[in-house]
Amino acid sequence: MNGYELLNVTFQFLESFAFIVLATVGLAVIFGMMGIINLAHGEFILVGAYATTLSAHQGLPLPAAMLVGVVATTIFGIVLERTIIRRLYGRLLDSMVATFGISLVLVQLTRILFGNSIDQVSTPFGAISYGSYSYSLYRVLLAGAAIATLLGLYLLFTRTAFGIRARATIQDEETARSMGVDTDRMYMSTFAIGSALAGLTGALYAPARASPTPEFGSEFLVDAFVAVVVGGPSVLVGTPLAGGFLGLIEAFFTFQWTQFIGTVAMLVAAIVMIRLLPDGFSGLVESVRTSWRESE
Amino acid sequence: MAASDPTVKTTRAVDETGERSSRILQTRDLHKEFGGLTATDTVDFAVEEGELRCLIGPNGAGKSTVLNLITGQLEPTAGSIYYDGIDITSLPSHERVDRGISMKFQVPTLYEDLTARQNLRIPLQRIVDAAEFETRTRELLAQFDLLAEIDETPATLSHGQQQRLEIAMAMALEPTLMLLDEPVAGLSVEETAEVAELLRTIRAQEGVAFIVIEHDIDFVETIADRVTVLDQGSIFTEGTIEEVKTDPAVRRIYLGEET
Amino acid sequence: MLDLTDVHVSYGTTPILHDIDITVDPGEIIGIMGKNGVGKTTLIKAVMGLLEVDAGTITFDGDDVTSTGAAVRARRGMGYIPQGRDVFPELTVEENLRMGETIHAADDRLQYEAVYDFFPILEERQSQTAGTLSGGQQQLLAIGRALIGNPKLLVLDEPSEGVQPSIVQDITRDLQRVNEELETTIIFVEQNLHVVQHLAERCYAIDKGTIVDELGSDRLESREAVTEYLAV
Amino acid sequence: MEGVRMSSEPNSSLLERVRSPFEGPNTLGNSNGFWLTFGVGVVSLALYPVLFGTYAAGERAVFLVYALLGVSLCFVWGFCGILSFGQVAFFGVSGYTFGIVGLNVSSYTGVTLGIVAGIAVATLFAAALGYFMFYGGVRDVYVTIITLVVALVLKTFMDQTAGGEWAVGEAELGGFNGMRNIPNLAIGVGDIGIEVSRAMHYYVALAALIGVYLGLRVLVNGRFGYAMVATLEDETRTEMFGYNTTFIKLVTFTLGGALAGLSGVLYVTWGNYINPQQFAITAASMPVIWASIGGRDSIAGTIAAAIVLQWIELQLSGEWALVIVGSLLVFVILVMPEGIAPRLRTFVLDRQSSSEPTTTPATTEEVTD
Amino acid sequence: MTRRSISRRSALAGGVASGLAAIGGCLSEGGILNGSGGSDGPMIGVLEDRSGEFALNGTAKWQASLLAVEELNADGGVLGEELDVYDPDPQSDNQRYQELTREALNREGVDALWAGYSSATREAIRPIINEEEQLYFYTTQYEGGVCDRTTFAMGATARQQLGAVIPYMIEEYGPRIYTIAADYNFGQISGDWVRLLADEHDAEVVGEEFIPLGETDFGSTINAIQGEDPDFIASMLVGDGHANFYEQRADNELDVPMASSTTMAQGYEHRRLDPPALEDMYVGVNYMEELETDRNAAFVDAFYEQFPDADYLNQEAQNNYFSIHMWAEAVEAAGTFDQEAVIAELEDGIEVEAPEGDVELDPETHHMTHHMRIGRADGEHEVTFSDEQYIEPSFLHEVGCNLPDDPEQTQYEPDEFYDEI
């Protein structure tokens, strides 16, 4: 492997990492914090992508269009939470069926409203060239966006009153309520944040993907589910580790063989991981931390 | 009464040294931690065949932890448990049950959709043939004064009846050691007396050993042969109820006075 | 300040409490004592709104709060200090204290300095996760957390549980100081003789799910009177 | 078989004795009304080919095949609490296996072997996956996600098996295009045997469905059923009655896999075709939807929901079809979370108790299962 | 699929009569309540996807079919009777295709069937069609090789498309080819054709990658292409996921020209993607909406007048359109809707005035001789055409497919006949 090829693998890793992390965060926040598996997660991403693309077509500059995408998805998430999801708290399996129904409706409504595809927004920034190779700068920067998103989540959940209350609610809902936390509103806000993150993913990938179609969201689904399982219940710890681990496996096998082998290797690794660590990476980190604390 | 599997109960109690002993249960240095917090610390505890032992102590003393370690719901961090002369420390719960350990949980957890008869069938079908279900069911229900409620579901039973049905279900397995977690919590005075009477009768008839966790000292007084006091995860003292009641140290741990 | 009238509570289908009548006047420190398993924690949870009552009424600061949830009661000025180690173990000491801000969001909110002044150990351990504190320190944290919101009423569930006897005495003194300096009303349940005798101004005795006696300061001084409801 | 009867009637009639193994607290419908409805249902399904013709029946046979797939989920989910999105994995693996054997051994022997092999491979696959999960400490929703991921991995894998290197003997896996020319259902040895035509396939599927239904009723009301339901309701407690709940879950999951395998064989012999789309998320969700809507602890409810929903989907065409189906799902989950069959039963019970207040003291009368 | 398995399956089917079917002797095909079903007048089945994965391609096929029927009916119908259409939406779901095909054949009794976009769909329903000996038109451009007595393949085959564009590219840009193709039958057979054509024209395939359907990441593929530095890329990618390749090619500023049989004419990527994703894309096509002929202008106008909201009028839509007209002509010539008579009439050799130009049906292979052109997209995605050739479906001739003489139901694959592969 010469220097250029090493760069190739690095960029491929960054791209896989960004894709897995961004595909997962929204789902992971909603699952990790609320215990709801949102099978319509892909369609939340779809909403973000469509809102971004359509407003870019209206002449908005791309950053503003992306903001529209995030805001639209957030509002959309809040409306769904208030009307449907709210009634399904504590009913994990029912919430899966209901969100699957929502997903069916959204895909087809998108098709009815906007047709089989909408025109794409082109990718900004051009490419980095090295030797005979080149790599899209925007795609490399997506890794930066993924890290920034994780950092933002970290700050949100550790530095703000909201974040502290959210974490307190998960650790001990009863005590949190007795501390004056309105847990119902907590759930709504958490769902809104999960939706905003899905919207962000849609907004970021709208220009990095070919023209959005109603099936746009389904591309993200498999990676998102795999990463949630591998990451385990703690979003802040699990998602980056899962993204890093799966991204490395995918990039290495893809580089060594083909993209297909990379994908299969990633899925197989995920299944083995679950067998070895039923609570995912965050469970592992938790037990390491515990034993470290004990040895003190 | 025929045991399900004759091989498990034929061994006479032998302790870990290989000597014959009347001890049915023996724990050695039982230690359990939860994420750095010690729940029980070096518990050495033995129960004789047919004995009725009560486990008392203030909140958080580790009583339920000890019970869960014996049933296998929890795995000890260190130490071992011998039952009937065999090391059962790493056996799964269901195999301990096969060896004769039975348990009644604190909160009644009957199967909601099943009638009393059908609830009883769940333990019964493990040890008797289908042909005997009805006779055994009726015997047990009669013994626990529940025959009239044979076709009732738990929701229609009184709290006391539910507690009795639970004990009946645990007894259906014909255990040699029975663990009861607060059998009279929430019962009226009359119901408490009934349960006490019931336990005495079972003991007399079947020779079952009991470990009972209980807060109600009056109840303990009426049933216990010996009492073990736990505090801060360790055995504080052991003795007859009279000895324990008059022990000033026991009063102190309950009242929180400095020693 | 707080009135419970003819309150009945059950846990699932199991009745736990019946015919409970309790009155707490502003500025008082009221104890509720009883042995293990007589329903003390159930009672305190019903006061806080964490358990629904089957019958009866609860009024707080002049308002009927019988059917209000815990979060609302907390914001109206009830500061809850749960049993044992019920701090948020994964949050740091400081984050735990910040949780207290949601209680009784009045303008005259206590400053962190004041809480740190009461409990200097909390300032030392600011950035440590709460789960790594000792039992006594966790208890102080739980009290400090409640005080941050400047509550009108402190509701304590067995402050002595899992705490070493020498620390129990410190906690008792701290709570008395809180009552005097901040004029906070206090209600607590307890089975620790020391706490009952030294903290309570007046005390209810609870047994088999109901109030069986009420002891004024004179009877509280008598060890025999108190141990009757506590001892083994 | 069953020693305990619900009725305390001493001299029970012959009919009751015939019925008794099929009845018990673990199935919702045990009343005369229920069995009457059941009989009417079976007879009308049996008459369908006569009334609507063999073509229509051949066509609708797939409804029954899928209903069987729904039953396989209902069994593991409703009776043992294991929500598996992987029933399609066993279904598909069995279908492909049947295809491989049937295409390679070209005689009735091959087809007969294929049936056995298909179900056996699906069963083993379920057992292996179940062992992996249950003995690995995987629980609750993680079981659900893992089974979903397994189905999706199979889809990814099968999609790329297009090349000649992916032929097993005569049988080409065919990748995205799928495997074609899979033989019809038949039983026999060499050239002697009975082959099932499309029209008859309907009756085979119906017989399989009814057989499985009655068999499962016997099972869930028998010893093992009590253990399953006990595990479902409270695993810890059941463990303390000496049951190895991990093993019970494994056996249940494996049996569920075998049933899915049976329906997989019936599926490929119906369409003579299978492709990786059978493992996709939409396909994987269908059994969950049928069981949710019909009532996850009601086998008959699941069957009815599977048939009715497929019928509705076929009738609805045009761009609003999926919108309507999706909305229906959300609506049912919000309005009757336990499913339609249990709701219907409650409704019938309420009406009966209000219309005949003095009669039938203790025996509960139910009409639906 | 090989012929052996077909014949064996028929042999098994023969056993049915002696088997269970005898029991069902009392059962009628139609049933008591159902009557014979179907409409009284002539009817064609048009099963094209308007939802699901292939809606993008299927919608226009469906629309153009309706346009053709409308025109026929406005013109007095077929044999003087108004033509009906059975056109439920199969939702890109192959099982639904199977159900609807049986419904169309048995219940509706359609006189001819147009159905399916993907090869997978065609292969899913062909057994049903074969069993009923149904007259069936498959209109998608495809890998080629289907030699089937009742099936008429209206689209250009890989041989026709690649045969036009690959030699052109070798001439224009050089002999080093890098193949990327969808990883299923279509892509793999197309890959075989590229190798075969390279061999014939002294060129070389320097790299080949088969990519699973639905894959969306092409970073490693692009790096691999850059590593080989070919003269041009032969792209037989399929579907929306794969369209990402073109987008990523532009992002990575990979400026190697591309030859394709699948792009633009079906999924109108040049309209949907932002330029310059498809710059220097050369595609071998028989039809695109942009074709500048008077006949096509009239067709495009008529289409958008009927369907003002339509996205694009693609190659397959044109194939549906002309083949419905062609079928109607054959019916008129035969004087009956009887399918055998119509097939005989079609096999007599028929020519039709299609928007792409006048095209002929090849009687022996049931394929069309097409006007193949090279369509090129520039940096602004403007399409220009060059190098028009009239190309026969030669592969099936070479393998000896002669349906009027030897009615078979097979799909031939090139690797069975050429050593070079």
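Note that Cβ sites are derived from N, Cα and C of the backbone, with glycine treated the same way.
Per TrEMBL, transmembrane segment is recorded for A:17-40, A:60-80, A:92-115, A:135-157, A:186-205, A:225-248, A:260-277.
Taking pairs at least six residues apart, the transmembrane segment (A:135-157) and the transmembrane segment (A:60-80) share fewer than three Cβ pairs below 8 Å and do not count as touching. When the stretches A:17-40, A:60-80, A:92-115, A:186-205, A:225-248 are ranked by Cβ pairs under 8 Å to the transmembrane segment (A:260-277), first place goes to A:225-248. With Cβ pairs under 8 Å as the measure, the transmembrane segment (A:92-115) is packed most heavily against A:17-40, out of A:17-40, A:60-80, A:186-205, A:225-248.
If one looks beyond the transmembrane segment (A:60-80) by at least 6 residues along the same chain, the residues whose Cβ comes under 8 Å of a Cβ in the stretch are 44, 47-53, 102, 121, 124, 188, 191-192, 194-196, 198-200, 202-204, 206-207. Long-range contacts of the transmembrane segment (A:186-205) within the same chain, counting only residues at least 6 positions beyond its ends with a Cβ under 8 Å from a Cβ of the stretch, are 22-23, 25-27, 29-30, 33-34, 36, 38, 41, 44-52, 65-67, 69-74, 76-78, 80-82, 85-86, 89, 142, 145, 149, 153, 156, 162, 165-166, 169, 176, 216-217, 220.
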